[in-house]
Each structure stands twice: as C-alpha cells, then as structure tokens.
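Features as listed in TrEMBL:
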type: TRANSMEM; residues: 34-52; note: transmembrane segment
type: TRANSMEM; residues: 59-81; note: transmembrane segment
type: TRANSMEM; residues: 143-168; note: transmembrane segment
type: TRANSMEM; residues: 180-198; note: transmembrane segment
Amino acid sequence: MHLTSFLLALAVIAIVPGPDFVLVTGNAVRGVRLGALTALGVVCGLLVHGALATLGVSALVVAVPAALLAIKAIGALYLAYLGFTTLRAARSGTLAVSPAAMSGRSAFFKGVLCDLLNPKVMLTFLSLIPQAMDPSAPPLPQAALLSAVTVGVFAAFWAVVVPLAGRLAVVLARPKVRPVFERLCGATLIGMAATVLAV
C-alpha cells in the first residue's frame with residue numbers, strides 16, 4: 001500500500017462515526033474545553049495502541065482468542081455504561097444544566113478508556129500499518145513512524161471536529177433539543193457496545 005493510499009484509508013476511518021466520535025462530540029456540545037480534553041484522551045489512547053502495535057503486543061493479543069474476547073467484553077461493557085449513564089442523566093435533566101456537571105479530568109479519562117478499550121482501533125493498527133510497510137526495510141522504525149502518522153491524522157481530525165461541535169452547543173442547549181440529543185448519544189453508544197462484541 002502506497003503512503004497516499006494509507007493516508008486516504010485513515011481519513012475514511014476517521015470520518016466514519018464510532019464510539020470516540022459520539023463521546024467527543026457529545027462532550028464538545030457542553031463546551032469546547034470538555035470536547036478538547038475528551039479528544040486529547042482519545043489521542044492518548046491512540047498513542048498507547050500505536051506503541052502496542054509497534055512492539056507486537058497487539059498482534060499477540062489478537063492471536064490469543066481469550067485475550068481478545070476479554071478486551072471486547074470490557075470495551076462493550078464500558079460503552080454500555082457510558083450509554084446508560086447518558087440516558088439516565090438525560091431523563092433526569094442533569095446533563096442540560098451546565099458544563100460544570102463534568103470535570104475536565106473525567107472528560108479526559110473517558111476519552112482514554114473509550115479509545116483504549118475499543119478492539120476496532122487495535123485491529124485498525126494491525127490491518128493497515130503492515131500493508132504500508134516496505135518488506136525490504138527494518139520493520140520497527142516503519143511501524144513506529146506509521147503509528148505516529150496515524151495518531152497525527154486523528155489528532156488533526158479532532159482539531160477540526162471539536163470546534164465545529166462546540167458551535168452546535170447554542171442549538172443543542174435548547175431545553176427541548178438537548179434531552180433528545182443526549183438520548184440519541186446514549187442509545188448510539190449502547191448500540192455500538194453490541195457491535196464491539198461482533199468484531
């Protein structure tokens with residue numbers, strides 16, 4: 001796979017909404033700061049995935065069915081937890097009050113865990129990076145560089161998405177709109193929890 005094709009594939013993957021997208025945009029409408037911290041957490045999760053893929057740890061996990069199943073189960077449970085807590089808060093109206101309802105630290109670590117516990121991210125690193133590597137060159141430096149490029153592409157994506165989502169806050173903060181948006185986010189996260197197990 002040529003580098004251009006690799007970058008194009010990453011761009012497509014970034015644009016397709018997943019758990020990270022739902023979480024980041026959901027927090028960004030509460031405030032750009034919360035969205036940015038959530039996105040930063042997601043990027044940190046990507047850095048860990050990149051390091052694990054470079055060192056071959058991810059390949060070992062995938063090779064052991066029980067380990068991969070455990071990660072899928074934990075990831076699905078975490079997404080379901082995020083979904084149900086979002087639905088519960090939307091029903092009680094606690095999400096519609098102010099951004100102060102969530103701390104920056106909470107937003108950051110939710111981003112880290114959401115990305116880190118998503119087996120699809122791990123499989124993305126394992127499926128794309130080897131295809132872009134030159135068989136005649138040392139593998140470790142290539143894997144490290146391509147992992148860094150992957151993280152960079154997603155970081156750039158979030159740098160665009162977070163401010164855009166923040167601008168929607170004016171519309172989504174309306175009393176009749178906000179609960180509907182939060183319920184949609186919660187239901188989407190629960191639905192994605194089911195798809196994680198099917199990976």
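All residue numbers here begin at 1 and follow the chain in the order shown.
Every residue gets a Cβ built from N, Cα and C, even glycine.
Heads up, TrEMBL stuff is auto-annotated, nobody curated it.
The transmembrane segment (59-81) shares more Cβ pairs under 8 Å with 180-198 than with any other stretch in the list 34-52, 143-168, 180-198. Nonlocal intrachain contacts for the transmembrane segment (180-198), taken as residues 6+ away from its ends with a CB within less than 8 angstroms of a stretch CB, comprise 18-19, 22-23, 25-26, 29, 72-73, 75-80, 82-87, 89-91, 95-96, 118-120, 172.
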